[in-house]
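Report on the following structure.
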Amino acid sequence: MEDTEPQPVSDQDQTPDPLLSSLDIFLFSLIAGLLIYWFFFRKKVEPIPEMKPFTLVTAPIRETSFIEKMKKTNRSVVVFYGSQTGTGEEFANRLSKDAHRYGMKGMAADPEEYDMSELSRLKEIPKSMAVFCMATYGEGDPTDNAQEFYDWLQGTDDDLEGVNFAVFGLGNKTYEHYNAMGKYTDKRLAELGGKRVFDLGLGDDDSNLEEDFISWKEQFWPAVCEYFGVEATGEDSSIRQFELVVHNDINMNQVYTGEMGRLKSFQTQKPPFDAKNPFLASVAVNRKLNKGGNRHLMHIELDITESKIRYDSGDHVAVYPTNDSAMVNRIGERLGVDLDAVISLKNLDEESNKKHPFPCPTTYRTALTHYLDINNMPRTNVLYELAQYASDPQEQENMRKMASASPEGKALYQSWVLDSERNILAILEDLPSLNPPIDHLCELLPRLQARYYSIASSSKVHPHCIHICAVVIEYNTKTGRVFKGVATNWLKGKHVTDNGHKPTVPMYVRRSQFRLPFKPSNPVIMIGPGTGIAPFMGFIQERAWRKEQGKDVGETILYFGCRHSNEDFLYQQELEEFERAGVLTQLNVAFSRDQEQKVYVQHLLKKNKQQLWKLIHTDNAHIYVCGDARNMARDVHAAFSEIAEQEGRLTHTQALDYFKKLMTKGRYSQDVWS
């Protein structure tokens, strides 16, 4: 064995050292351990993803300065419109086109799309003018698209000196605040220093709005010419606003099929839902309400589950109907066109915000079915533009005459179009030499508008369902044709099939000021004959729900009217059940034709005058009226005034002022139509 003590040896005799010393073994073990830890136990560092170059994509900026746009496009006339149903916009477009005939260049503009605080800059443009076609909506309110402009008018103190303006108001005399928006706009612009070029025009839709507009327009343009020292150019030829583009080879996934805004929005529904993005609600119930008679009154329930749509009692539901397919086919046959051709109507004015008159590309069939109003009587400008396509001189002369402001022309338009209720199809059928290009016809026809119905349910009781109560419109006209209301006949056909298939309805909810009192303990007096009962079904349901919640609910009184007790007593079973449950404290029904002398809701009001006056004057009751504006609402208002005179010892003037104050306080509310 080896010695433990080292011995001195020569180089030749030295034995070799071991390959690994203790230190080497230690270091080797340490390194091996570290390697094992590195590969098997350490937390791996996440790889840093490679950053791809980021490109900022900006949406095209819409021009909000109408002044800069007018300067850029060499325009001197801007026509703003406040429009709820499209008529105000239509009038604005007609005025802007008319400017061309007087040596000017005009543009129609939506005040919602522009900065209206720039109005004071209009004087920067020589011989310039702003025209306002302002419709009044509801109880003297501005239309939705004019709300911001109205707010600005109320709050601004801008100096409008040097700004030339004119106003035409669109209203309806059956309403309390007739043409309030037009009157206010005209008055306020003058107060701010604007120069009124021509007198305020007031159109009455209860009489003949078209005639009012034509009469005003015929005097307006000569006054403008005199004011600016210009002359009419004499160019009365048709001015096309859109050009036809035919798509012979197009992917049908890029073609609109009835959508209001986003392409394929009906296939992939995305909230929020509004006028440009309606929700496709399925029809859960569609039943006939009346037990007899020759009318069809219906109760429809729309399923809004998964839509996130919220509503309150008193709100309105808007539905987008479609035109009768048979009528669309007859127009196609009469004009000899292929309705399934894919087309676009492209605005000739590249600077215009309105690129198309309706969603494009689409087919003529879709346009006539979903987008254009083919059922109502066309306005005089449509007749004027189409007259050039009548080959018979007499037919052409009559069409131009009806579009004129002459007494003879107005009378002919009134009798031949309005009184005879001739829509565009009837006109084409009764004027055999008239053969307009279908693209020009589509350019001229107004848009098919949504129809609004008072919601007949409470979201407290029916959170996922909206109820509609409506009467189907159908009658014979003087020409022997059958007039059918577009929306009600379309809704009538929306039945759940035997195999469970549920048809759909494009819809959205529009908010209303027609609201129950904040305090449930306040008494409510509801007057709603016929389908005017709709919002009160929601009110009564909500009062019943409040009562179930243990709330103190005040008296709930309903005055309903119908023709016959055994025919059209709408919701009779439900109302009588509410009465038995004590929710409806008083149910008063006027059956107008069950006796020799007709009895209406206003007669029942007068019978209960003492009780009603106490509720109104002492108990802070809220009054609600829903239904016909032309007769019923006026008669009911007169009845309340009479009650105030007799029971409150007020003069006639004092009684009128009394109820005006109630309206101002929100204690006399109306949801009426004409």
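Using the three backbone atoms N, Cα and C, a Cβ is placed for every residue, glycine included.
According to TrEMBL, the transmembrane segment annotation covers 20-41.
Feature annotation from TrEMBL assigns domain 'Flavodoxin-like' to 77-221.
According to TrEMBL, the FMN binding site annotation covers 83-88, 135-138, 170-179, ASP205. ALA135 (FMN binding site) counts 29 other C-beta atoms within 10 Å of its own C-beta, drawing on all protein chains shown.
Among the features that TrEMBL reports, domain 'FAD-binding FR-type' is placed at 276-517.
Annotated NADP(+) binding site per TrEMBL: ARG295, THR531, SER592, ARG593, LYS598, VAL599, TYR600, VAL601, GLN602, ASP635, in sequence order.
Applying an 8 A CB threshold to same-chain residues 6+ apart, the list for ALA487 (FAD binding site) reads VAL319, PRO321, ARG451, ALA470. Residues annotated as FAD binding site in TrEMBL: ARG451, TYR452, TYR453, SER454, CYS469, ALA470, VAL471, TYR475, GLY485, VAL486, ALA487, THR488, TRP673.
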What residues, ordered by sequence, lie under 8 A Cβ-to-Cβ from GLY138 (FMN binding site) and sit at least six positions away in the same chain? GLN513
Protein Cβ atoms within 10 Å of VAL471 (FAD binding site), excluding its own: 17
Helix, strand and coil counts within the domain 'Flavodoxin-like' (77-221) (DSSP): 65 helix, 35 strand, 45 coil
What is the interatomic distance between the Cα atoms of TYR175 (FMN binding site) and TRP673 (FAD binding site), given in whole Å? 9
In chain order, residues whose C-beta lies under 8 angstroms from the C-beta of TYR600 (NADP(+) binding site), counting only those at least six residues away in the same chain, are PRO529, GLY561, ALA590, SER592, MET632, ASP635
I'd like to know the mean pLDDT over the domain 'FAD-binding FR-type' (276-517). 96
Tell me which residues of the chain lie with their Cβ under 8 angstroms from that of GLY485 (FAD binding site), as long as they are six or more apart in sequence? VAL472, ILE473, GLU474
Largest tally of Cβ atoms lying within 10 Å of a Cβ, found at which of the binding-site residues ARG295, ARG451, LYS598: ARG451
